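Q: Pulled these features from Swiss-Prot for this protein:
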type: ACT_SITE; residues: Cys380; note: active site, nucleophile
type: ACT_SITE; residues: His514; note: active site
type: ACT_SITE; residues: Glu516; note: active site
type: BINDING; residues: Ser13, Lys186, Thr187, Lys188, Pro189, Thr190, Gln191, Lys222; note: UTP binding site
type: BINDING; residues: Ser13, Asp146, Ile147, Glu148, Lys186, Thr187, Lys188, Pro189, Thr190, Gln191, Lys222; note: CTP binding site
type: BINDING; residues: Ser14, Leu15, Gly16, Lys17, Gly18, Leu19, Asp71, Arg238, Asp239, Val240; note: ATP binding site
type: BINDING; residues: Asp71, Glu139; note: Mg(2+) binding site
type: DOMAIN; residues: 291-541; note: domain 'Glutamine amidotransferase type-1'
type: REGION; residues: 1-265; note: region 'Amidoligase domain'
Amino acid sequence: MARYIFITGGVVSSLGKGLASAALGALLQARGYTVRLRKLDPYLNIDPGTMSPYQHGEVFVTDDGAETDLDLGHYERFTGRPAVRDDNITTGRIYRDIIAKERRGDYLGATVQVVPHVTNAIKEFILTGNEGLDFVLVEIGGTVGDIEGLPFFEAIRQLGNELPRGHAIYIHLTLLPYIPSAGELKTKPTQHSVKELRSIGIQPHILLCRTDRPIPFEERRKLGLFCNVRENAVIEARDVSSIYDVPHAYHAAGLDQEVLSAFGIEPAPKPDMSRWKAVMERIDNPEGEVTIAIVGKYTGLKDAYKSLIEALSHGGIANRVRVNLDWIESEIFEGTDPAPHLEHVHGILVPGGFGQRGAEGKMLAARFARQRKVPFFGICFGMQMAVIEAVRSLADIPLANSTEFGPTNEPVVGLMTEWMRDNELQMRAAEGDLGGTMRLGAYPALLAAGSKIAEIYGATEISERHRHRYEVNTAYREQLAEKGMIFSGLSPDGLLPEVVEFQDHPWFIGVQYHPELKSRPFAPHPLFSSFIAAAMEQSRLV
């Protein structure tokens, strides 16, 4: 039977519970255990698919088409285990399912309440689908004391009593702030956070304390005494230079050993940290550096591009170079020459996005890369803008546009209304709901033999994750091919363009899918490895 590790947070939000969960999962894997990581999000949205990137950050898409929390990206990158729809649930999804059951009469006239109906639904979600696993790590979003999180805390409290003895532990991630004027770390916020947690019936087994400096013995002793945990269970989670050093840092601090001790697993098998050491060796000893411009719409919140940032770093790991990112808001290009902002960079990446704001700036970035022969990588919306720019400039159709921005007589990009998934026709209406109605998840694509994209993949059949409701119009295919831009990747039915590239350019590729979602530090995505390699070549010319 699986053992359960519940990870909660306190004092402040954005402490890194997702990263801590992922790192612990990686450490348990390194000891030979099988793990699954799951996330409970207390917000009332069904999923984060319609939430602003400025509020939620990135929407991480799974192979099975779920729009989930960005922490699932950490889980995948650290453990290599693909996440699925049922690794993430929200209060909104739970309430929707409960209300649907109530309307059907499934509760036989009972008064539907938070306890037991909501808490039972949460417990059922946590316990389902874990057969054959050694450990299930469950992260609870938000911080202890949040009103919306109370049903989740109550559910995991009940599970602590209902699971067999020795099959559930609680880890509380907290912050030890340093007060310069006092010259010391303060433990009182953590004490109050644990007091709040204990008031709802949860006694943490381990305190994982975020800090920028070593925890003195006296503070460690004080935390153990007033938080009712053993001193050895007060784990120092020191800041590190790279997130990929977190597994090693947590192992050195004794987190994985303390977790196994809390479960009574002795002696514990030694972890194999070789692949993490290999990754850090490349990060710590770069043989060069490149600068990549990210021309985006949500650059004010870097979490909106979390997987993209990590995938670029993976490309750097593969090529033994440091990747410096130059964040550029695409709107600043509109009506101006982008050259002063882009002449110094070695590669230009235009990521996904929605809506007309900043679209013209993205097209100008694509034009600059095309004309100056700078490596260009367009992803999803970025590919669409590159195609529109090519139709306007090369095919001499200045009114070319996307129907996403309004009616147009030259719809180079249009709304998808029909596509195939698993041999079934999927249909969407233009006036339908926005949530969950895009082309989501893994879809196959066929690559043209002899194309640059096929050379990069080393294959002509691939599967990648998608998140879009607009597509490039194949009616412009021949006109673009005459100008050097080819559709080098298509859906199996030949109707949906998946990849475009310029044949006479050192590296100009646009993809409709999101390759960043499948990149790993120890298995960099080939597109990002190739893009960074092209940027290295460009760095020798600039």
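Just so you know, glycine gets a Cβ as well, placed from its N, Cα and C.
Tell me about the surroundings of these features in the structure.
A: Secondary structure at Cys380 (active site, nucleophile), taken from DSSP and collapsed to helix, strand or coil, is coil.
The Cβ of His514 (active site) has Val61, Ser307, Gly352, Ile379, Cys380, Glu464, Arg465, His466, Arg467 as same-chain neighbours under 8 Å, each 6 or more residues away in sequence. Annotation note: His514 (active site) sits in a coil segment as assigned by DSSP.
Taking a C-beta cut-off of under 8 Å and a sequence gap of six or more, Glu516 (active site) has these contacts in its own chain: Ser307, Leu308, Glu310, Ala311, Ile379, His525, Phe528.
Take the CB of Lys186 (UTP binding site) and look out to 10 A: across all protein chains shown you find 14 other CB atoms. The secondary structure of Lys186 (UTP binding site), as reduced to three states from DSSP, is coil rather than helix or strand.
The Cβ of Gln191 (UTP binding site) has 16 neighbouring Cβ atoms from other residues within 10 Å, across all protein chains displayed.
Neighbour density for Gly16 (ATP binding site): within 10 A of its CB lie 19 other CB atoms from the protein chains shown.
Reduced to three states, the DSSP call for Asp71 (ATP binding site) is helix.
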Q: What residue among the binding-site residues Ser13, Ser14, Thr187, Thr190 has the most other CB atoms lying within 10 A of its CB?
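A: Within the set of binding-site residues, the most crowded position is Thr190.
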Q: I'd like to confirm something. Which of the binding-site residues, Asp71, Lys188, Thr190, has a Cα closest to the Cα of Ile147 (CTP binding site)?
A: Thr190
Q: Check the DSSP secondary structure of Gln191 (UTP binding site), expressed as helix, strand or coil.
A: helix
Q: Restricting to the binding-site residues Ser13, Ser14, Lys186, Pro189, Lys222, which ones have a CA within 10 Å of the CA of Glu139 (Mg(2+) binding site)?
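A: Close binding-site residues: none.
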Q: Looking only at Cβ atoms, how many others are within 10 Å of the one on Cys380 (active site, nucleophile)?
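A: Here the count is 21.
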Q: Below 8 Å Cβ to Cβ and six or more residues apart, same chain only. Which residues does that give for Pro189 (UTP binding site)?
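A: Result: Gly10, Val11, Thr174, Leu175, Leu176, Pro177.
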